[in-house]
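Under the heading transmembrane segment, TrEMBL lists 184-205, 212-234, 246-266, 278-296, 302-324, 331-350. Summarising the annotation, TrEMBL assigns domain 'Histidine kinase' to 423-642. Here TrEMBL flags 664-781 as domain 'Response regulatory'. Per TrEMBL, the feature 4-aspartylphosphate maps to Asp713.
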Amino acid sequence: MYRIGRDSWKARIITLFFCLFASSILLADGIQGGFLDLEPRIEVFQGEWDRATRPDSSEKGWTPLSETSFRADDKREFIWLRAEISKTELTTKPWLLLHPYIQKVTAFVDGEATTAEPVNFWSNPDDRPLPHHFIAIPLSTVDLNPSAQSHTIHLRVEPLFHINTFFYLLNDRELVKELTFHTALAFAFLAMIAIMAIYNLLLYFSVRDTVYLFYVAASVATLLYSALLMNVQAYVLDAASYHPKYGFVFGLISFILHVPLFQRLLDTRKRFPRTHRVANVIAVCGVFLLILSPLLTYDLLVAGWIFLAYPMYVGALVLAFRLAKRAYRPAIYFVVGWIPFLLAVTMTSLEYASFISPTNGVSYFIPAALSWEMALFSLALASRIKILRDERDTLQAQQIKVSEKARKTLERSNRIKDDFLNAVSHELRTPLHTIQGQLDLLREAPLNREQNDAFRLIEYANLRMTRQVGGILDFVDAQEENLLSSPQVFEPQSLFDLLEYEFREATRAKPVSLAFGMDDSVPGKIFMDGLMLEKVLYQLIDNAVKFTPAGGEVLVRASRLERDSVLRILVSDTGPGIPDSQREKVFQAFKQGEAGLTRRYDGVGLGLPLASSLVTALGGQMGVLETSEHGTTLEVTAPYGDVHQAERHDPELSENGSVTQVPRILVVEDDAGNRMILRKQLEKIGVITEGVQNGLDAVQAAINEPWDMIIMDCQMPVMDGIEATREIRSKAPANLDTPIIAVTANASESFRIQCLEAGMDDYCTKPLRMEKLKRLITNYAESRVITRTREQRGLKDTFTDN
């Protein structure tokens, strides 16, 4: 992984590189001390001469060279230069070294050409007298007059644009040093740009920011442009495939690619939007100029480039200065890197326009400045990315803070909602429990027909209200994915009997036929969350009865799948069926198939969605098995565990009469009325009861004496039922295994899990009906009596043996 922002090491490398570069310049100055500079002796022919042959020495028009920068006009295709040298100078320094910017030249010594063909700066070095991108012409290839003490050197130059060169005579050793220096210098600049391009390409693969691609593309164009400026392209391109205009084309491409780089480095879109739009226009104009470049002359191409580039360069520098004053670090790097480039471009342009005296190192001005610029831009880019990351981290921190605040607000809202629903459930179920208790006590009272009808209606309304309250709470738990299954042993047939009783009044009032069928393959007892299955079947049957017209029938059938322990229940009705377009919608909350059915049938549309969520919590599946205009069949499959229980009745104990011992049950309920009703219900069943009003009293009662079952309310003052259960399980040795049954008005699944995890054996919601109480006594209290009697008999036998 490449790190962004820690750029100090990179700055050191760049500084070291340019220190070495400066040292090489000083070394070059020392080397040049042995050269013979012919410039003071050079004369240029300014007369009229339209022939390619050299002007005769007698011709007028030879004048001392006042400048080394020339440009041939339309009337003169050639520029002729000459210089006088001594015989000794020619023999000791037989090489004439010229800058590539002399473009195309032929050298003559005493009128004889030293090379068969002119040497030009875009030809392949292998085709030159010396394979190098500089122009080195041997002067010793011609036959000299032995008696001559001086010789005349003529140079015929064929320029396409301004020329700029030095005129050095040197020996073999000096030539090697000079060419080595220029080679190292040229490739050092190119290597610097290439290294920055490769480095930032690797950074792109790490950071994945497109600004790095712009940098790499600009670096490649800059690399090619610099190579052309220093004539290094001669090593890879031949004269037939190269034109001097190409250098400016690559320079134009580099400029176009620099524009988006400027915009990103200086963040113009955000900080200078108007300038950002102007830069876009300039970039588009540059693209058009690039497209038209094959059709433009060299002068027009250069003029168009300068017209676009200078406003952009100067404008970017002004913006960078403004940002640098604000301590914007990328702008500081931009200014430091951009000023040398602007100076180099300006000096080169002025020199080619003959506004300033020419210099021999003109070809290195722009490449050196470009390598420095790309290095500093790399630092600016790293700094810019670091700023963006810091801004992103700050924004993320703010977003996390806002999200955390929103999360806490949501949690607080959920807690308020849960507390509200629990409070509503408690406040509704508590009076419903009182009503159900009174109905159970009134059930065996002598009632006339009118009173009996009223009794059934009240009981049905009470049961339906209880189911609706529980369904709403279960739906909330389902939406929050809080439904958890708590498997226990129960009897499927008892569940069917309970549901048949609950729907007796609804089916009679419509009327609708409701029938239950249990296949012989279904075990008498299974290990499954019976309460959750009861809720599923209630919702399905209620939905079927609701949509079945008068005179129709609803059939509930249970069977066991052959392949494994999976309970399969089919609920069929003779209702209107479910259209194919509505099959998925019926399992969505608040949907009842067609919109018109919402008004035609009662309900809030929670039945099938709630049942589907409950089946999923059981680890099963539910779906539409078949449907038509004559009815619908829903299928529920859920896995269960097999139950292997020993016989409950011990013959030996029965003979001794211990099984007839009456169970003792402790009733823990803070509401005096509900406590009284619950005790009366239990006493009617035939058990002994005691009552306490809070959890603390229940713990003390459990410590004092053993009980066969404890019925525990959960929401009580002083100590709630969950805490009381934990205390009994840890501090009451006589009741460590005594069944504790939660009887609470809180019907949420999450609360049921809390009760069971606290150590309770079962969980019942208010109102608690007489049938449910009987099953609890049978399943828990009587089993506890038998177990306790066995323990007592075992102790008695032990004492007898002793």
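Along the chain as shown, residues are numbered 1 onward.
Using the three backbone atoms N, Cα and C, a Cβ is placed for every residue, glycine included.
Note: TrEMBL annotation is automatic and uncurated.
Non-local contacts of the residue listed as '4-aspartylphosphate' by the CB criterion (under 8 A, 6+ apart in sequence, same chain) comprise Val668, Glu669, Asp670, Asp671, Asn674, Gly721, Val743, Thr744. The recorded stretches the transmembrane segment (302-324) and the transmembrane segment (246-266) share 3+ CB pairs below 8 A when only pairs 6 or more apart in sequence are counted, and are therefore in contact.
With a threshold of 8 Å between CB atoms, the same-chain residues lying at least 6 positions outside the transmembrane segment (212-234) that come near it are 100, 121-125, 133-134, 186-187, 189-190, 193-194, 196-197, 200-201, 203-204, 242, 246-247, 250-251, 253-254, 257-258, 260-261, 264, 363-364, 366-367, 370-371, 374, 377-378, 381. Over the domain 'Response regulatory' (664-781), the average per-residue pLDDT in this prediction is 87. Cβ atoms under 8 Å from those of the transmembrane segment (278-296) belong to residues 245, 249, 252-253, 255-256, 259-260, 262-263, 268, 304-305, 308, 311-312, 315 of the same chain, restricted to positions at least 6 beyond its ends. Secondary structure counts, DSSP: the domain 'Response regulatory' (664-781) has 60 helix, 23 strand, 35 coil.
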